[in-house]
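Summarising the annotation, TrEMBL assigns signal peptide to 1-22. What TrEMBL records for 147-245, 246-363, 364-477, 478-585, 584-701 is domain 'Cadherin'. The region 'Disordered' annotation in TrEMBL covers 156-178. Under the heading compositional bias 'Basic and acidic residues', TrEMBL lists 158-172.
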Amino acid sequence: MQPRTPLVLCFLLSQVLLLTSAEDLDCTPGFQQKLFHIDQPVEFIQDQAILNLNFSDCKGNYKLHYEVSSPYFKVNNEGDLVALRNITAVGKTLFVHARTPHAEDMAELMIVGGKDIQGSLQDIFKFARTSPVPRQKRSIVVSPILIPENQRQPFPRDVGKVVDSDRPEGSKFRLTGKGVDQEPKGIFRINENTGSVSVTRTLDRETIASYQLFVETTDVNGRTLEGPVPLEVIVIDQNDNRPIFREGPYVGHVMEGSPTGTTVMRMTAFDADDPSTDNALLRYNIRQQTPDKPSPNMFYIDPEKGDIVTVVSPALLDRETLENPKYELIIEAQDMAGLDVGLIGTATATILIDDKNDHSPKFTKKEFQATVEEGAVGVIVNLTVEDKDDPTTGAWRAAYTIINGNPGQSFEIHTNPQTNEGMLSVVKPLDYEISAFHTLLIKVENEDPLVPDVSYGPSSTATVHITVLDVNEGPVFYPNPMMVTRQENISVGSMLLTVNATDPDSLQHQTIRYAVYKDPAGWLNINPINGTIDTTAVLDRESPFVHNSVYTALFLAIDSGNPPATGTGTVLITLEDVNDNAPFIYPTVAEVCDDAKNLSVVILGASDKDLHPNTDPFKFEIHKQTVPDKVWKISKINNTHALVSLLQNLNKANYQLPIMVTDSGKPPMTNITDLRVQVCSCKNSKVDCNAAGALHFSPTSVLLISLFSLVCL
């Protein structure tokens, strides 16, 4: 193959520096020679050395690893490039990538006389994900530039150089892209005459991990001669970030008695350094455990995954015997795979030993005593229990049950949530005369079920002996209420009924006397000895003290105890209606115009305090209207209403018209009421009744007034 005469841009890779001391700056990490030319042989022979590659990371080449762009070659431990089998065609270019935890670099091997092989350069190195593959038909050949982050002064610092032996006179190099003429601007620049590429400041890989630049050549007028060709600048990671735990607080739970090796929780840290290097390869360790009893090594953490597991026997994870059921572990994460040079981040893990119901509740004694007065309700005794489980869980909380001695459901028991005691209560009053003693059998269990190997024993039941005290109970009326029905208006002194009260204290042989307690209308009296109730006044169904025809009174029965006890009885008297109320009309005043064409005056209604059939239908009449005086007319509308109308127009005046209304009772009752009718002047939509002040009586009304006057003389 003829020597290549087009422009060749060869980038000299920069020093690959770590955070080292000043003495380390004399060593340049990377390949000592980065470009090789190899004549294409007839055949590459298997395991025969082709050339030797000299790479150093200035740290002893710990964990040195090579990668070759062709799968038919490798670099052995001595740095020799060898073929893995006999092969003739491998293409025109090979790339060799070397990497240790401290540095990485790439060398290019030009096969002189080699032929293109489709797809032979598709294996791109991990560190150069976006690096372009050199193409033979282009004069500019570009390889990535690698620059360590955190480089110190002085700046600017040369990191590479563009070389062109056939560059036309006056041509210049031009560099563009993010980091040059795009934000962040001014990080990189190129000497337009010499082609030296330099960096102007310290780089931070965690801010920008790589820069995509473009290089081209231009003539004196700035016109592009060739390019632009992409150039990737890769920032090599330094171990400058400590691992951090970002997801705290970290709290884990493990059940007491768990088997050895039980996973409690996972702790994972984050390292901002390059995850493909040991700078972000983390290892975990437990630095400290508090408390350190019963073993200083209760837990173990997987150094790679961060899983915390138990390492003690289940017997040591007994919550009831531990000094403290809470452990705090200081967990450290160290990068550089845990080597001493690695950076460390710490966090605290809190592990709680959760309770399981492995202890049954036990009564503090087998028998409890209680005393209660008959007739009283409420708590009579608190039953105490002991339970070694966690007081905040259902494994400690007690549930009580009465299993014997409560056939009448007179007792109930509930748990005091603060003390866990059983509060035994009387919910139905007890009767000394029926039973003076009660015996209850009570069991206690936990809200949560016990673990399979634990059961409730004899201590989980207790006996309660209850003594009922006799008290002087008030007499009891039977029946209560007592009911009787009578007609209203019965004569005073009429006997209504005899009440009866008995003393529940049958063993005390006491006497009973009776008294009136509440008699709102003052109508009743009771015999204190035999309880007979009679009337002291007329019973009126229409009284405001009677509701729905029922009159209610209360009476007392008082025993002879010391002090005496009282019982209250209710008497309900239903009063039957008597026709003792006359009906009345409404309204009693009406107006009409003196020139009205409609001679209707007013619609009258009637009402009666009595009940049916002593009320409607009502009969309406004009009382004793004489024939010459017949200027009024009354007409029935229905059972309760009638229409009053004129037979002719009247002069403006006030008229008194006697209306008689009669109910349907037997015998009926009648009432006469004067209806005052004002005949007014109605002109221009105005009603004037002022001149109607003088009263005008019908002749009949005048006659009645005269007779009344004679009677009164």
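Cβ coordinates are placed from backbone N, Cα and C, and glycine is handled just like the others.
Worth saying up front: this structure is predicted, and the values here are computed from it rather than measured.
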Residue distribution over DSSP helix, strand and coil in the domain 'Cadherin' (584-701):
6 helix, 61 strand, 51 coil
Give me the mean pLDDT over the domain 'Cadherin' (364-477), rounded to a whole number.
94
Mind tallying the domain 'Cadherin' (147-245) by DSSP state, helix then strand then coil?
0 helix, 45 strand, 54 coil
